[in-house]
Amino acid sequence: MLMAVDIGNTNIVIGFLEGDRIVGSYRITTKATHTSDEYGLMITQFLALSDYTADDVDDVIVCSVVPKVMYSFRASLIKFLGLEPMVVGPGVKTGMNIRLDDPKTLGSDCIADCAGAYHTYGGPVLVADFGTATTFNYVDSSGTIRSGFITTGIRTGAEALWGQTAQLPEVEITQPQSILATNTRTAMQAGLYYTFLGGIERTIQQFRKEIDEPFQVVATGGLSRIFKNNTDMIDVYDSDLIFKGMAYIYSRNVK
């Protein structure tokens, strides 16, 4: 069994894969203060919840955009599973060509998302990831990543809103019942949701304006689910996209 780990700024997402089948996935809060033992205990518990043990894990692949966490997490894998993880980055074959000014600056999570989208749904494809940051990456029909787009994630924007104002409360990030809000909380929810949704749709429109060939839009990320019922500009929602990409990358690097 392959264990795939996405270490993001807000969450660490762990998936267990039997071939192409995802047999379990778990999400925990990213904390730089967690020790390797704490991460190891969490991994052990997640394995047990999926009716597995450490002996069932044959290999581990990791995407990380948080270097401070990577050190202790890697140590937990070595101590509790006896495995040195494959880390998506320089020296690892991804199967994707990257035509950016500086390919090294493209996050490993974005690369895995693009690999998952291209090798699952084909190209050309615009890959949207709604996480701590919102990213769009365009992959052409040959599997080449040709552009990147980065902006604030909806939760990051929301935290700035209530964190930088004296009287606005923290609210749940969710789809409101109506844009016609009647109190402060629902007004904030409507404002955040529809402003962000409008930004998503306008961004996709601009990509379509500047790209000569038709393409599909594949969305992923923890908050993509709240937009799926309110726009027809996204073709596919795939919460497991990064796991699919990591599994593909792993397959290209093992004999």
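One is the number of the first residue shown, and numbering goes on along the chain from there.
Note: Cβ is positioned from N, Cα and C throughout, glycine not excepted.
Annotated ATP-binding residues in Swiss-Prot are D6, I7, G8, N9, T10, N11, I12, V13, and among T105, T120, T132, T134 the one listed with them is T132. T184 (substrate binding site) sits 24 Å from T132 (ATP binding site), taking the CA atoms of both as reference points. In this structure, D129 (K(+) binding site) is part of a beta strand by DSSP.
Candidates D6, G8, T10, I12, D129, T132 (binding-site residues) were compared with C110 (substrate binding site); those inside 10 Å Cα-Cα are D129. A coil conformation is recorded for T10 (ATP binding site) in the three-state DSSP classification, outside any helix or strand.
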